[in-house]
Structure formats: C-alpha cells, structure tokens
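Per Swiss-Prot, these features apply:
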REGION    1-181  region 'Large ATPase domain (RuvB-L)'
BINDING   Leu20, Arg21, Gly62, Lys65, Thr66, Thr67, Arg171, Tyr181, Arg218  ATP binding site
BINDING   Thr66  Mg(2+) binding site
REGION    182-252  region 'Small ATPAse domain (RuvB-S)'
REGION    255-348  region 'Head domain (RuvB-H)'
BINDING   Arg310, Arg315  DNA binding site
REGION    329-348  region 'Disordered'
Amino acid sequence: MEERMITPQQLPGDQEGEVLRPHRLADYIGQTKVKDNLQIFIQAALARGEALDHVLLYGPPGLGKTTLANIIATEMEVNIRTTSGPAIERPGDLAAILTSLEPRDVLFIDEIHRLSRTTEEILYSAMEDGCLDIVIGKGPSARSIRLTLPPFTLVGATTRAGQLASPLRDRFGVISRLEFYEVEDLIRIITRAAGILNLQITLEGASEIARRSRGTPRVANRLLKRVRDYAQVWEDGRVTQELAGKSLDRLEVDPAGLDRIDQKCLLTIIQMFAGGPVGLETLSATIGEEAETIEDVVEPYLLQQGFIQRTPRGRVATVRAYQHLNIPVNSSHQEGGQGDSLFDAAED
C-alpha cells in the first residue's frame, strides 16, 4: 500500500514528533474518561506502595496508547520496558524480559494480540501469580522450576482486542478503549504542538487542520508539520485558515479528512456496486488494497463518520458518502443496493 499522509499508522518521519508527546496526565489532552480513571488508579497504587494493576489499552491506531503507557511509567515513577508482539518470537524472549524487570516497573507490549499462543501462556502465571515457570532440560530428565517475579505492571496495546485469548484478556485489571478525538480536543493538541515547534498559528488555522485529521492526534501532528513547510515557503511562516486549507488540498486531504484511497473505496462501492452491499474480499480485489488494510486503516474512520455501513451482506455507502462526493443518490441505493458480488455470500 502506498504511504498515506493521513494514515494513523506510524511513518518514518513521525519519530521527530516524540518531542510533541505529553509526559504527564495533566498535559494529556482528550480521552477524559480513560485519563480520569487512570489518575485515580495511579494515585491509589502510589498510596499503597504497590504496582499498578495490569492495563489493556485498545482502539484504532494513532490515538495515544503508547503515549499513555509512557505516562503511566512516569506517574508511577518507575522504568518502562517497551517491546511488541511481533518482536517476541519465542517464550524465552519474554522470560528474559520479565526476569530483568525491577519492582513496580512497567512492561509495555504493543500489538499484544500478535503474541504467539505459547508465548502468551507465559504471561498467565506472571500476571496472576507473579511467577514464571521454566522447564529445564528435555525428555525424561526435564524438570520445571518456578521463579518469583518482582511486582510489575503489564500495559498491553492493541487495535484488535477481539483477537486476544480470553484467559489473557481476563487478567487485565484495567481495560480502556480509546475513541477518536473531537475536533475541539484536536485544536488544543495542534495549538500545543505549534507552541513547542515555535510556529505561529491562528485558531482558524488550527481548526482547519483539526477537521481534516480524522480524529487522530498522530495525523494532526503530521499534518501540522507539513503545513508548517508550506507556511515557511509560501508565506511568512504563519499558519492561517486559508494557508492550511490550500496546503492540505495540495496534500490531497479533503475537508472531511479523506484522501485518495478513502475516496477510491467509496467511489468503487457507489459506481461499481450501485452503493453496495459489497464484501470485504471483493472490495479488496477491486481497489487493489489488502483486506486487512481496508479493515484496520480505511474503514474505521469511514464508519465513524457515517460514510459507510457494515451489514451482514457487506459494505454499503451511505447517503452522506453520495453527498460528500457530489453524486446523486440512486434508487438502487435507497432500496438497499443490488451490487453484491457472487463472492459476497460468504463474506462479512
């Protein structure tokens, strides 16, 4: 898949945005319910001198799960060890990490749903009993020893909570879903980032970027940095609404935050399948994108904004999608669509 300016996934240039990350809950904007609950749990754990209970953060990418994990460690005044599901290839890799933790440390596992089942099972006793069972030797002479681990906090992050095994999910004491951000919160995030970058920006300019940021802080910060480039070359370095709008149009991010891939997806459903329904695999083959990419990256925002609906027979474009693309709503769409493929019967 081509690199998208508005993808919520992390891009190579986003590492420069680490300076924009908040380091305390007081500086973290948005996700009020999640933040307020974590504040209570952290204060209580500190008062008791205990490790914070294990935390599962789930939701679409780019909403601040990694940032929250680091904030938890900072607020708890402990170290954080960061890894990811794909990086832990063998159970021994996870065992080595667990035995290296200091008391009350935070272990952050991104994409925790991608842990292998055998590796995942090591976490069961570690999370619940604070122990690690290790088998030494092979065959009849093999023996099992139990190591006691220091109290620690596992923070797991995932975009696919449904793929976690129930025994693992049930061992998290705190489970929080991160939602797409409201425009007002994104304006505050953009204004804060502009201050850190020593960039002059008007409220209207911040609003224009926020509206096109797909409810995602990572996208907002990325677009802000690109608009800054246009402001320095085209103008006097100050970001106004007009400058932001022209810059984002140039980047092919429309006023609703849709890019060429989003529009291609909607146009395919409308023009080739009479508005739908169309199954995921058929849509994937038609537009030339992987089904997983459509499901994880493209669809969440289109669903959240009401441009498509998912039905038992497949994806359907809504009236709002027609209106946004300036396409007349046809009778087949109003009747529920007749454009499903022969392949769609077995598809979601």
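Glycine too: its Cβ is placed from the backbone N, Cα and C atoms.
Positions of the features from Swiss-Prot, shown on the structure.
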residue: Leu20; record: ATP binding site; DSSP (3 states): helix
residue: Gly62; record: ATP binding site; DSSP (3 states): coil
residue: Arg171; record: ATP binding site; DSSP (3 states): coil
residue: Arg218; record: ATP binding site; DSSP (3 states): helix
residue: Arg310; record: DNA binding site; DSSP (3 states): strand
residue: Arg315; record: DNA binding site; DSSP (3 states): strand
Neighbouring C-beta atoms (10 Å sphere around the C-beta of Gly62 (ATP binding site)): 28
Closest of Leu20, Gly62, Arg171 to Arg315 (DNA binding site), Cα positions, binding-site residues only: Gly62
Protein Cβ atoms within 10 Å of Arg310 (DNA binding site), excluding its own: 16
Cβ neighbour count (within 10 Å, all chains shown) around Arg171 (ATP binding site): 18
Candidate nearest Arg310 (DNA binding site) in space, where candidates are the binding-site residues Gly62, Thr66, Arg218 and distance is Cα-Cα: Gly62
Among Arg218, Arg315, which are binding-site residues, the residue with the most C-beta atoms within 10 angstroms of its C-beta: Arg315
Averaged pLDDT, computed only over the residues in the region 'Head domain (RuvB-H)' (255-348): 81
Cβ contacts of Leu20 (ATP binding site) (under 8 Å, same chain, 6 or more positions away): Arg192, Ala193, Ile196, Leu197, Asn221
Long-range Cβ environment of Thr66 (ATP binding site), under 8 Å and at least 6 residues apart: Thr82, Phe108, Asp110, Ala157
Extent of the ATP binding site in Å [max Cα distance among Leu20, Arg21, Gly62, Lys65, Thr66, Thr67, Arg171, Tyr181, Arg218]: 32
